[in-house]
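Novice: First the structure, which I've put down as structure tokens, then a few questions once you've had a look.
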Amino acid sequence: METKLFSSASLIKPSGTSLLILLTVVLFLLMTLFQWLLTSSLEGIYAVILPVSVSAIACGLLGFGVIPLLRWLKTGQFVREDGPQSHLKKAGTPTMGGIFFIPVAVGVALIGSKFDPQVVAVGIVTLAYMMIGWVDDWQVLRQKSNKGISPKMKLLLQIAVAVLFCLWMLWTGSPNITNLSLPGNLIIPLGWLFWILAIFVLVAESNATNITDGVDGLASGTCAIAFLGLAAIVAPTSVGLMIFCACLSGGCLGFVLHNRNPAKVFMGDTGSLALGGALAAVGLLSGNLWGLFIISGIFFVESLSVIAQVSYYKATKGPDGQGKRLLKMAPLHHHLELSGWSETQIVGVFYLINAGLAILGFISR
């Protein structure tokens with residue numbers, strides 16, 4: 001008898017609208033908690049609520065105009081046939097949604113921070129990764145398949161952006177930028193190894209959020225929470241980066257309005273690569289890699305599930321060329337789907353887990 005891992009029998013099945021409300025409440029409670037922990041009062045909480053709200057409203061409203069345009073341009077998603085069968089009905093849903101909420105969120109951040117040089121830098125990185133994703137999405141649409149630009153080309157472009165950002169940090173950063181700060185006031189001087197780590201973090205984080213973007217509202221909602229957690233972490237040292245993270249969090253919330261189940265639009269690589277690049281850029285520039293690692297727990301687990309699945313399959317491959325699988329399907333959210341969880345159950349649980357990780361990342365900063 002097959003063991004049912006992660007049985008969903010006792011879990012409710014929330015609607016997409018319920019999850020949007022849950023996400024909004026979670027973000028508000030996190031903003032209140034972080035403000036209290038930082039200042040022991042709620043005075044000044046508007047400094048975070050305002051950029052989150054402005055960005056969310058702007059992106060949410062813009063979506064009502066852009067989504068019909070994307071549909072008219074025939075940017076319908078091509079769904080992989082070897083994926084969950086329940087996803088086949090998603091074919092034709094407009095993709096490349098990142099093209100409207102990413103630039104708006106970055107623009108609001110630039111204005112709100114009065115074009116702080118650090119915000120300009122991470123904004124450029126974000127838009128650069130967005131363009132890499134857009135090229136990939138565009139190739140998918142042109143070829144009418146689920147394959148965009150080659151993995152090698154995508155990786156080279158991601159590395160190129162990472163290298164340029166690292167060169168900028170090397171040119172403008174403090175002498176201590178290559179130190180890795182860990183909990184307990186432990187500081188590890190990495191020297192030149194920091195730059196290798198920085199490039200890896202930028203590429204890995206952008207791909208991790210990309211892998212997570214496989215269920216309606218999953219990547220956008222978890223990123224909204226992650227950005228808010230990162231905003232609280234960087235607030236004591238950089239108001240500009242705090243505003244940037246708050247705006248990206250709001251942008252994701254505005255996008256969830258349209259991306260909640262059943263999704264009216266997907267962010268595509270255009271959005272997911274940009275979000276990961278933005279998280280990594282802020283974490284590196286602010287010297288908060290440990291906090292970034294904690295709040296990105298969902299993304300890394302999703303990535304590790306793919307790595308483990310592929311590695312185990314290759315390691316157990318027999319004479320017939322077939323191997324064994326650890327999961328029913330990778331990444332993890334697809335395994336949960338095939339184990340009986342609904343999309344909304346997965347998203348709701350992941351939201352709550354990521355909220356806990358955001359708090360943990362803030363406390364252990």
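Backbone N, Cα and C atoms are what each Cβ position is placed from, and that goes for glycine too.
Copied straight from Swiss-Prot:
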TRANSMEM  19-39  transmembrane segment
TRANSMEM  47-67  transmembrane segment
TRANSMEM  91-111  transmembrane segment
TRANSMEM  115-135  transmembrane segment
TRANSMEM  155-175  transmembrane segment
TRANSMEM  184-204  transmembrane segment
TRANSMEM  224-244  transmembrane segment
TRANSMEM  281-301  transmembrane segment
TRANSMEM  344-364  transmembrane segment
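Thinking about packing and proximity, how do these listed features fit into the structure?
Specialist: Only residues 6 or more beyond the boundaries of the transmembrane segment (91-111), in the same chain, are considered here, and those with a CB under 8 A from a CB of the stretch are 51, 54-55, 58-59, 62-63, 66-67, 70-71, 75-79, 119-120, 123, 126-127, 130, 133-134, 137-138, 140-141, 243-244, 246-248, 250-252, 254-255, 258-259, 263-272, 274-275.
If you look at the transmembrane segment (184-204), the same-chain residues 6 or more away from its ends with a CB under 8 A from one of its CBs are 125, 155, 158-159, 161-163, 165-166, 169-170, 177-178, 277, 280-281, 283-284, 289, 292, 303.
Non-local neighbours of the transmembrane segment (224-244) in the same chain are 23, 26-27, 30-31, 34, 37-38, 47-48, 51-52, 106, 109, 112-113, 116, 118-119, 122-123, 250, 252-253, 256, 278-279, 282-283, 285-288, 291-292, 295-296, 298-299, 351, 354-355, 357-359, 361-362, 365; each lies 6+ residues outside the stretch with a CB under 8 Å from one of its CB atoms.
Within the chain, the transmembrane segment (344-364) has long-range Cβ neighbours (under 8 A, six or more residues past its boundaries) at 8, 11-16, 18-19, 22-23, 26, 30, 33-34, 37, 183, 215-218, 221-222, 225-226, 228-230, 232-233, 261, 290-295, 297-298, 333, 336-337.
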Novice: Determine which recorded stretch among 47-67, 155-175, 281-301 has the most C-beta pairs below 8 angstroms with the transmembrane segment (115-135).
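Specialist: That would be 155-175.
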Novice: State the non-local partners of the transmembrane segment (47-67) in its own chain: residues 6+ outside its ends, Cβ under 8 Å from one of its Cβ atoms.
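Specialist: Distant Cβ neighbours of the transmembrane segment (47-67) are 27-28, 31, 34-35, 94, 97, 99-101, 104-105, 108-109, 112, 228, 231, 235, 239, 242-243, 246-251, 253-255, 257-258, 264-265.
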